[in-house]
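Trainee: Sharing a structure with you now.
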């Protein structure tokens, strides 16, 4: 975790990854503006205030925030990252874990319907636990499966909310 | 007297065997989840939301009341036994509470927190009974311009007053407003920011936004910086207090309640300021100021009471005006919307039974909490030792479940991940999360009020300042925005002057 150095350092961009946030705000402003410009003006929305006004204000606000944030960051401004019980900010961000978890969630969205809730959720739990450092390979799997099966039946029988059975249709 | 009659009716509704069971389950689950490290009250409520889907409105609101208070109590247990709390409102509790626990007085710290929360919660909910109808009677006569001004006021308050950085607060607000924009424009039916995706035309479910920001964002952020090695948790027995502890606690409880409730009730709330104020007050008034910093019981009793009283206070703007001012309140409004209930002054007219049953169940939840948590405290303390990989894998497990169940769409899980990434970014760069969710929830409502104001005046923007309350609110906003930078400039000037001189 680098905090912006006030001396500027070798490059202007060094330690100023927050400029990426400013760029994201700017990109959002453009997306909202383009989308707003494409709203069709029809007889229905020719009332006093059409559906474009508020998005236009928001796009402007986003753009102003992007500029103000960029200026603030370039001047060395920054806010403190969030702390917590299990957070150790002295170690740098461990990207493989973060991207691994993100990948798991994305994969989960794709396989949830075909594989069914129990299989997909077991994989999600097991994969996450291993990525987060669990080395009890059998235990973690058992907990994942038990949790998934219990949740499935809890929702289907207890709450009356149907979750997809997928591969295990007919077995569960 | 009318209020009391309605409240009694609420109690009759809430006190059925089935509803008591819901309250009990809510309190137990709320505390159990709230105790888990890294999980604050907002995440507790968001994660447990799917459980209430299958219940009827009354049952789920009763369960919610239990989860709400349970989650908060759980959080204070964590900060006393583990230190370094994740929830900003428990920071002050940890200050003295953890010192007490380390000195072997954990049982007393937990006891004064639990009993103080009960006392404050009960008094503050009582205050809610009398204040809410009064505010409703005023609010009902307010027009769209006043509502619009109140929402702008809430936006400015949550984004510039509470956080440490105003630019980041405002940026977070605009991101939230953008998220709220997605979907069909309610007035004209025009799609906005849907990118031709039919699944987006209904807008993004607020539950998905809340779970993404509070659960997925937090889990990813913690995963990136997971503390290695075991953290020392302090085992405790059943909480109890000696005669001296009672003597030193009861005044801080009452003072904390008085400080906490009003701060929660104004739509610029949050529990950080009142808990801190209560701490400072107790330190000043204490006969044992030397104990502060080494585990003074007053330093736990006061802030914990203030925290709970302000939580009850936030229900005033939430129920009477539809304005959420804390993360937990924002998630609760999402829960209300699930049932097509829109908090606001009309709610008291259209759904009086529902409102008063909810208020009655707050009293019940609070009492159950005290009765359960004193004997169960040693068990809750054991939950703190849950291995972290399972804990955070479990959070993702339930977060995805909640997002999926919100519409039975796997597409929701993709949205969950995207907004979760946003939550990660917010934590990494110190952006407050509250303005994002408040913007997403109140944005569409603000647009509606703005349009309505201009509709009445057929487009004349002067209509926005046509009501006295609106003018007052804009004046306060101007003060908010102008005074702090001005003070900063003046301070810099005097400092420069003194350096030169």
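Cβ coordinates come from backbone N, Cα and C, glycine included.
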Trainee: Examine the ranges B:278-302, B:353-377 and name the one recorded by TrEMBL as transmembrane segment.
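Mentor: Of B:278-302, B:353-377, TrEMBL gives transmembrane segment for B:353-377.
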Trainee: Which is it, of B:246-269, B:318-341, that TrEMBL names as transmembrane segment?
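Mentor: Per TrEMBL, the stretch marked transmembrane segment is B:318-341.
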Trainee: Pairs of Cβ atoms less than 8 Å apart decide it: which stretch in B:45-69, B:318-341, B:353-377, B:469-490 has the most with the transmembrane segment (B:20-39)?
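Mentor: If we count Cβ pairs closer than 8 Å to the transmembrane segment (B:20-39), B:45-69 scores highest.
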Trainee: Below 8 Å between Cβ atoms, which of the listed ranges B:109-140, B:170-187, B:318-341, B:389-422, B:469-490 makes the most pairs with the transmembrane segment (B:199-224)?
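Mentor: Highest pair count goes to B:389-422.
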Trainee: At a threshold of under 8 Å on Cβ distances, which of B:146-163, B:353-377, B:469-490 pairs most often with the transmembrane segment (B:318-341)?
Mentor: B:146-163
Trainee: Give residue numbers and ranges for long-range contacts of the transmembrane segment (B:353-377): same chain, 6 or more residues beyond its ends, CB-CB under 8 A.
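Mentor: For the transmembrane segment (B:353-377), the sequence-distant neighbours (Cβ-Cβ under 8 Å, at least 6 residues beyond its ends) are 6-7, 9-11, 13-15, 19-20, 23-24, 26-28, 31, 57-58, 61-62, 64-66, 68-70, 73, 77, 107, 110-111, 114-115, 117-118, 121-122, 125, 128-129, 132, 236-239, 312, 315, 319, 341, 347.
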Trainee: Cβ under 8 Å, sequence separation of at least 6 from the ends of the transmembrane segment (B:45-69): give me the contacting residues as numbers and ranges.
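Mentor: Sequence-distant neighbours of the transmembrane segment (B:45-69): 13-14, 18-19, 22-30, 33, 39, 117, 121, 207, 210-211, 214-215, 308, 311, 328, 331-332, 334-335, 338-339, 341, 354, 357-358, 361-362, 364-366, 368-369, 395, 398-399, 401-402, 405-406.
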Trainee: The transmembrane segment (B:146-163) and the transmembrane segment (B:469-490): do they have three or more Cβ pairs under 8 Å, with pairs 6 or more apart in sequence?
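Mentor: Yes, since the transmembrane segment (B:469-490) and the transmembrane segment (B:146-163) share at least 3 Cβ pairs closer than 8 Å, they count as touching.
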